[in-house]
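First comes the structure, then the notes that go with it.
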Amino acid sequence: MNRPFFIALDFDEHAKRQRFLESFAAETLDVKIGMELFYREGLSVVHELKEAGYRLFLDLKLHDIPNTVGRTMRALAELDVDVVNVHAAGGKAMMEAALEGLDAGTRAGKQRPKLIAVTQLTSTDSRMLAEELLIDKAMDEVVVRYAQLAQESGLDGVVCSAHEVPLIRAACSDRFLTVTPGIRRQVDQVGDQVRVVTPGEAKALGSWAIVVGRSITAAADPLAVYREMNQDWKGATEH
């Protein structure tokens, strides 16, 4: 799976999503199905997009007791998506159960979906970490520790800010994957994400994959913006 560029399909209507994807008929896309879309359209949207040939990141961020997460992952494995995720804050036992469930649910002859863990949401800042979550460690320290726990649990990688990628790569294996949301163009508004970078900056920092949402989905010309950002992603050199 080569350096994916996932587009987050965060649409509130089926027709809007259809029109959006129709404008990309000439492109081979990687797409992300988040909670909003999955809870609205259910399994049908996964089957529809998989049959259409898209590579899928099913972004449900599971966080529950180990038994529940393990059984859920076993069911999700049958969907044959490419990437799934959990919250690292659920702990090692939960992450290990998630991996066991995926392994058990993956059909013979099929490749197990990559399993990654969310470290901290890109909407989280240091103030929230300290005042609301009562975590008295620096953001970088928390993210790296969660990444190490994910690796120790056998996961394939983590979701993190691109700014944190170099720290994670220094602390974890070279094969450990980093998927970075919070991707914008320089001209875009930041919105509710506080730790953001451009595609080229993410590549230079070592991100394996990026996730882009509103910069493309809310653009007047989504295809043109996608091509611009994808070129920035592909053309950048990893430092």
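Heads up, residue numbers simply count up from 1 along the chain you see.
Backbone N, Cα and C atoms are what each Cβ position is placed from, and that goes for glycine too.
Lifted from Swiss-Prot, the feature list:
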- Lys61: active site, proton donor (ACT_SITE)
- Asp10, Lys32, 59-68, Thr122, Arg184, Gln193, 213-214: substrate binding site (BINDING)
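Known features from Swiss-Prot, placed on the structure.
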residue	record	DSSP class
Asp10	substrate binding site	coil
Leu60	substrate binding site	strand
Pro66	substrate binding site	helix
Thr122	substrate binding site	coil
Gly213	substrate binding site	coil
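Of all Cβ atoms in the protein chains displayed, 17 besides its own lie within 10 Å of the Cβ of His63 (substrate binding site). Cβ environment of Leu60 (substrate binding site): Gly34, Met35, Phe38, Leu76, Val84, Asn85 lie under 8 Å away, each six or more residues apart in the same chain. For Pro66 (substrate binding site), the number of other Cβ atoms no farther than 10 Å from its own Cβ, over all displayed protein chains, is 18. Counting in whole angstrom, Thr122 (substrate binding site) lies 14 from the residue listed as 'active site, proton donor' by their C-alpha atoms.
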